Amino acid sequence: VGNYKRTVKRIDDGHRLCNDLMNCIHERARIEKVYAQQLTEWAKRWKQLVEKGPQYGTVERAWCAFMSEAEKVSELHLEVKGSLMNEDFEKIKNWQKEAFHKQMMGGFKETKEAEDGFRKAQKPWAKKLKEVEAAKKAYHAACKEEKLAISRETNSKADPALNPEQLKKLQDKVERSKQDVLKTKEKYEKSLKELDNATPQYMENMEQVFEQCQQFEEKRLRFFREVLLEVQKHLDLSNVASYKNIYRELEQNIKTADAVEDLRWFRANQGPGMSMNWPQFEEWSADLNRTLSRREKKKASDGVTLTGINQTGDQVSQPNKHSSSLSVKSNTVQSVQSSYNPFEDEEDTGSTVSEKEDNKIKNVSSYEKNQSYPTDWSDEESNNPFSSTDANGDTNPFDEDTPPAMEVRVRALYDYEGQEQDELSFKAGDELTKMENEDEQGWCKGRLDNGQVGLYPANYVEPIQ
């Protein structure tokens, strides 16, 4: 009696298991979303690094194919997340709402119906069982009383002091106890027989209610199996045609990497195969295009600052003592000067990997593929603006004894296009490193994230908080 409560409890457990399954799917969907976001961020970051780095040609395209793969896989995992939440999660939620109906007084309607059904089916049999237990108790008590009466009678026969009247009473007691035993036994057997006769109907009624509970549980179990299979299909990307195509395409992109082709391209564009601009004889001309350096502007003592003389000519005149930079409309001279970085020796521009997450510097190499390189040749003539024999030592405008300053990250407020070789160019929002504080003329020395070092107006940037 009452053991049907385990079956009734299973209904409440089914409702809780629906919640557990929804939570399980929700957590997996969140993992899919986070993984997709991480793939996208990784692909975006490394795509920029590879494109700005020194790698070139077909190997660069093969490397970038991994980032394309990550972006496509990220989209697939976002689709998985959407399927889990929009289809599987909602399906369980709706089924639970339809299968379980809450009551105002608490609990579920299905639980109460099962409880009432079992109680109703068990009530008649439980009543008869109670009668059997009572008859059994009465019979056992009568048997105990009979045994006690027989024992007293036996002991009195051996006692000479006991008078015949007392002995008669003991004998009558034994006789009555035997009759009680017979009566209680008969009643006990009768109640057992009635219980046995009621048992088949009791079992039928109980099984009927139990089968209803079984059918309800069967629907839940089959539904869970169906949902789990759908979740499996949504998670199994190996059966998705587009997923297979991603890695088939990735393999093809990697196999198209050709070292011979890349070496041929480099030879044609960066090596002996590139177009040459050999020096040619140029006639002298009084006209020239002259640009004063930042150092000369800084040291001007006559109160007059020349910002530039824009004239045409074919030959360079002898520079004055304070000039450290000449710009002549000559392809030969410009090809040399445009590739020279006067600050190259001041900074370590090695190609080691440098990643500074705190400042959000995202460089793999300290130089980019389009970076200008210094020309390692010397010219003892005084018309070489970068000659080390300059009287004032103007080769490096930063050789003055200035106290070193802490490097500070700054952000550009406006666009600035460098007017001279020793000036930096940047866009509003770009970040760079300030290496030296503002000078008297309002200029700072800084370094771009690609390793280029130069001057920029101090009021064009602001410190990064």
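Counting begins at 1 with the first residue displayed.
Cβ from N, Cα, C; glycine included.
Under 8 Å from some Cβ of the coiled coil (167-198) lie the Cβ atoms of residues 124-125, 128-129, 131-132, 134-136, 138-139, 141-143, 145-146, 148-150, 152-153, 156-157, all in the same chain and six or more residues away from its ends. The coiled coil annotation in TrEMBL covers 167-198.
The feature compositional bias 'Polar residues' is assigned by TrEMBL to 307-341 (among others).
The feature compositional bias 'Polar residues' is assigned by TrEMBL to 362-375 (among others).
Taken from TrEMBL, the feature compositional bias 'Polar residues' covers 383-395 (among others).
Residues or ranges marked as domain 'F-BAR' in TrEMBL: 1-262.
What TrEMBL lists as domain 'SH3' is 405-465.
Positions annotated as region 'Disordered' by TrEMBL: 293-405.
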Average pLDDT across the domain 'F-BAR' (1-262), rounded to a whole number: 91
Helix, strand and coil residues within the domain 'SH3' (405-465) as assigned by DSSP: 3 helix, 28 strand, 30 coil
